[in-house]
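Student: A single structure is presented below for examination.
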Amino acid sequence: MEQVVIVDAIRTPMSRSKGGAFRNVRAEDLSAHLMRSLLARNPALEAAALDDIYWGCVQQTLEQGFNIARNAALLAEVPHSVPAVTVNRLCGSSMQALHDAARMIMSGDAQACLVGGVEHMGHVPMSHGVDFHPGLSRNVAKAAGMMGLTAEMLARMHGISREMQDAFAARSHARAWAATQSGAFKNEIIPTGGHDADGVLKQFNYDEVIRPETTVEALATLRPAFDPVSGTVTAGTSSALSDGAAAMLVMSESRAHELGLKPRARVRSMAVVGCDPAIMGYGPVPASKLALKKAGLSVSDIGVFEMNEAFAAQILPCIKDLGLIEQIDEKINLNGGAIALGHPLGCSGARISTTLLNLMERKDVQFGLATMCIGLGQGIATVFERV
């Protein structure tokens, strides 16, 4: 079986969805920009030699509809002979795109693929056109489709206080801002055109979603966002609304060596699981355990973790039940996470994997794990091994 390697991984800056830098930039253009950039950064691979493009996107309508993967590839002037498909596993879409490409390579059906994902939540809101079947409530809790209430449920089940959530959210912003100031994101962010507050076209090379002034005291003043009577989850402890894209160049190890391209990491194992939709945010726990089992590893073998921060109330129970609560500051989301950077749904799986690869290199660790919860009760995880 072929070994699957990550040759390169990049992303756009994360832009605020409301009046942000990408308010006049379409999702297809964000995607095409990264496709072009990956190919330009790795000229040894001819674009025509790509076997397929796998691109995650959740709200596949309006500018994100009609197979955005193919639309973006055509805009990027990828040869017409290269196919492209859009993948949807809700929040895990671009990580699923990676898994799909990896399996094609493992089976020998592909040698080189572009993978990634995008979501422009400013142009296509998360709730746009959603119409849940009324009979769904016969099988799952009525609130299972309301992500904020599933986070409230997890917080109550696991004893996660409002204070704990506020502290974690403040940490996310502080670490993301520190990473920005130190240049830790420089290797992963591709400068991307957008408009500043005055409408001036410029190149952005930083995440504008981060709020460096965030404090626990300020967060404590916010009202509950989903359960106004007894809730603890606020807008400040939820993932920010942002627009962005991320992309990876995935190849067989043999093809990478043939082309003289240095792999950054191998895909050691992959897993996806289902869980109760009422506690959808718990999905990373069984997904991570399954991925580790497949890799023949334990939690203690993993040097750094990237866990998508849908909500502080959601990620803290996952950290606790993976036995990592005492190691948060050594291993978990060391450059902050989605609370500070935002969670552009179809982009996030590739985004956290890209950030993880850079952290693995910076911390000089052998193994890293990226994992995310998924709406309606799923979890997805990937174990990476540095080459």
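A Cβ is built for glycine as well, from the same backbone N, Cα and C atoms used for every other residue.
The active site, acyl-thioester intermediate feature in Swiss-Prot is assigned to Cys91. Positions annotated as active site, proton acceptor by Swiss-Prot: His343, Cys373.
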Student: Please classify the secondary structure at Cys91 (active site, acyl-thioester intermediate) using three-state DSSP.
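Tutor: SS state of Cys91 (active site, acyl-thioester intermediate) = strand.
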Student: Could you give the Cα-Cα distance between Cys91 (active site, acyl-thioester intermediate) and Cys373 (active site, proton acceptor), in whole Å?
Tutor: 7
Student: Just jot down the residues in the same chain as His343 (active site, proton acceptor), at least 6 apart in sequence, with C-beta under 8 A of its C-beta; none if empty.
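Tutor: Listed in sequence order: Cys91, Ser239, Ala240, Leu241, Ser242, Asn308, Glu309, Ala310.
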Student: Around the Cβ of Cys373 (active site, proton acceptor), how many other Cβ atoms lie within 10 Å? Please give the count over every shown protein chain.
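Tutor: The Cβ of Cys373 (active site, proton acceptor) has 32 Cβ neighbours within 10 Å.
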Student: Around Cys91 (active site, acyl-thioester intermediate), how many other CB atoms lie within 10 A of its CB?
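Tutor: Within a 10 Å radius of the Cβ of Cys91 (active site, acyl-thioester intermediate) lie 31 other Cβ atoms.
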